[in-house]
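Noted in TrEMBL for the protein shown:
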| type | residues | note |
| --- | --- | --- |
| TRANSMEM | 75-103 | transmembrane segment |
| TRANSMEM | 115-133 | transmembrane segment |
| TRANSMEM | 142-162 | transmembrane segment |
| TRANSMEM | 168-192 | transmembrane segment |
| TRANSMEM | 212-237 | transmembrane segment |
| TRANSMEM | 257-280 | transmembrane segment |
| TRANSMEM | 309-327 | transmembrane segment |
| TRANSMEM | 339-361 | transmembrane segment |
| TRANSMEM | 382-399 | transmembrane segment |
| TRANSMEM | 419-438 | transmembrane segment |
| TRANSMEM | 450-471 | transmembrane segment |
| TRANSMEM | 509-530 | transmembrane segment |
Amino acid sequence: MTGEETPLPTSDDHGAPLLPVHEAVEGTQSIVSFTMKSILTLENFYVLLGPLLTLLICLFVKLEPPNSQKMLGVAAWVFTWWITQAVPLPVTSLCPLFLFPMFGIASADSVAHSYMNDLVTLILGSFILALAVERYNVHRRLALNVTLLFCTDPVNPALLLLGLCATIFLVSMWLLNVPTAVMMMSVVTGMLQRLPPMQEQSEEVRKFCKAVILTVVYATPIGGMSTLTGTGVNLIIIGMWKSLFPEGKAISFNTWFFFGFPVAILILICFWCILCLLYLSKGTSRALSSYLGKVHLRRDLEDLGPTTFAEKMVLSISGLLIILWMTRRITDDIPGWGVLFHGLVGDGCVSVMVAVLLFIIPNMKREGEKLMSWNDCKKLPWSLVLLLGAGFAVADGVQSSGLADVLSGFLNCLQDTPYMAIVPAVCVICSIITEFITSNAATATLVVPLLYQIAITMHLHPLMLIIPGGIATEFAFWLPTSTPSNALGIATGHIEIKDMLKVGVPLKVAGIVVLSLLMPSLGTIVFGIHNDTREQLILMKENSWLVAN
């Protein structure tokens with residue numbers, strides 16, 4: 001306030017309005033304009049697009065039985081929101097819980113059961129163990145010890161990269177991709193801090209830094225392919241197979257390992273060769289010899305101090321879990337310890353049982369403190385749990401509504417297509433969808449039911465397409481936005497998108513070739529596809545017909 005009063009308009013001043021009419025109108029217009037801009041956004045259009053597609057399908061698409069029409073509409077709604085991310089992915093994953101009962105596709109109880117089963121408990125238990133590994137820095141000690149095995153004096157860059165690849169691969173086998181990428185990126189960036197600043201680096205050192213960062217970016221998803229718990233995609237594939245064909249033989253942890261591990265090892269070797277060819281030269285060893293070597297790694301290891309009781313217990317519990325997983329069901333002839341419980345115990349039971357031990361065993365640091373507390377579990381991946389549940393619910397709905405039989409009829413044109421022509425095409429399409437449209441877990445949820453129907457139409461065992469197509473959704477190697485590990489790599493400042501394309505394109509091709517060759521050879525043996533294939537296909541078709549009618 002300045003102390004001066006604003007004169008009021010007098011009765012003689014007819015031109016002065018009592019209220020600031022123009023200012024009010026302008027202000028109102030700006031508010032209206034702002035409101036309209038906030039409403040008419042692309043995000044809000046995507047929100048409306050889901051239910052709009054459902055309405056159009058229910059009004060104009062005529063399918064028999066009627067429930068298949070409703071299921072198609074609900075699937076269009078959910079998939080649209082997943083692809084466009086109009087609402088957060090976990091929120092979209094909750095939609096089947098109310099859409100299925102409202103559209104008469106399934107009861108509320110049956111849909112809810114899809115959100116908590118043995119596979120969901122498997123990921124909860126294994127992720128609690130991963131949090132314990134992270135809490136006690138077990139991953140860093142493991143990484144330094146494994147890398148030390150591959151480090152020589154003078155330093156051999158190719159061998160050092162192989163050691164890093166092996167370390168990250170090993171960690172990613174047992175932890176999910178995101179925590180693995182975060183933890184291992186901190187390990188390798190700490191190693192790179194021994195090198196000169198980026199602006200002072202020679203060409204050889206700069207290329208080596210790029211190779212090291214790319215090792216974390218790509219070895220993480222490659223390692224995750226090898227075990228059932230390495231990534232959510234593997235769990236989605238197995239869960240959907242169980243939902244789509246309950247009468248089929250369940251895929252256990254070690255069954256997946258016997259196929260996934262050789263596939264991942266071959267892809268990892270291809271990746272290491274690509275890195276060495278593109279980023280290492282004859283002068284790299286000489287340029288790095290002053291900064292990297294066994295002495296530096298040993299010093300980092302000594303800084304961690306002696307192995308504590310808590311670290312030993314976490315390692316012991318991790319080893320126990322792996323042994324129990326691998327021996328629950330070994331082969332058809334060697335049943336494993338699971339037979340003692342009449343087949344009632346699953347991999348998820350084991351995972352949760354071992355996780356509970358972490359809340360019982362003391363850590364010997366403070367009196368009364370255990371290895372884990374519930375506060376440490378705040379980072380549990382509930383978004384992935386909900387996505388898995390939604391995927392299983394959609395797979396059940398596709399079968400129970402008769403939509404599976406309808407899709408099979410539309411795909412009859414593929415029945416004479418050669419297998420070796422369709423598999424690479426499926427892998428290419430799945431790997432490109434996951435790059436540009438949506439996450440790998442959401443992509444797997446979208447494509448696995450469709451691949452199941454394509455296989456039935458082609459008179460193939462469904463696993464012949466589901467396994468390679470599902471794994472191919474993990475080949476998100478091109479763009480920084482495709483996966484969190486890609487984004488982490490770009491965020492370090494050492495690599496650019498052109499580096500990802502330079503490595504990602506040949507790596508994707510190598511992965512597709514490996515899957516196309518190993519699935520019809522090793523895959524048929526591991527998954528027992530040649531055994532009673534004809535009878536299984538007949539049963540699958542009869543099952544689809546009975547559901548549809």
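Cβ from N, Cα, C; glycine included.
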Proximity of the transmembrane segment (419-438) to the transmembrane segment (168-192), 3+ C-beta pairs under 8 angstroms: no
Beyond the flanks of the transmembrane segment (509-530) by at least 6 residues, Cβ under 8 Å: 249, 251, 255, 258-259, 262-263, 266-267, 270-271, 274, 332, 419-420, 423-424, 427-428, 431, 461, 463-464, 467-468, 471-472, 475
Selected stretch (most C-beta pairs under 8 A with the transmembrane segment (450-471)) from 168-192, 257-280, 309-327, 382-399: 257-280
Distal contacts, the transmembrane segment (257-280) - CB-CB under 8 A, six or more residues away: 157-158, 161-162, 165, 169, 207-208, 210-211, 214-215, 218-219, 222-223, 225-228, 230, 234, 326, 467, 471, 502-503, 506-507, 510-511, 514-515, 518, 522-523, 526-527
The transmembrane segment (339-361) vs the transmembrane segment (168-192): 3 or more CB pairs under 8 Å: no
Seg_contact(the transmembrane segment (75-103), the transmembrane segment (168-192)) with at least 3 CB pairs under 8 angstroms, min sep 6: no
The transmembrane segment (309-327) touching the transmembrane segment (212-237) per 3+ Cβ pairs under 8 Å rule: no
Positions whose Cβ lies under 8 angstroms from the transmembrane segment (115-133), at least six residues beyond its ends: 97, 139, 174-176, 179, 228-229, 232, 235, 238-239, 242, 314, 317-318, 321, 346-355, 358, 371-372, 376-377, 379-381, 384-386, 388-390, 392-393
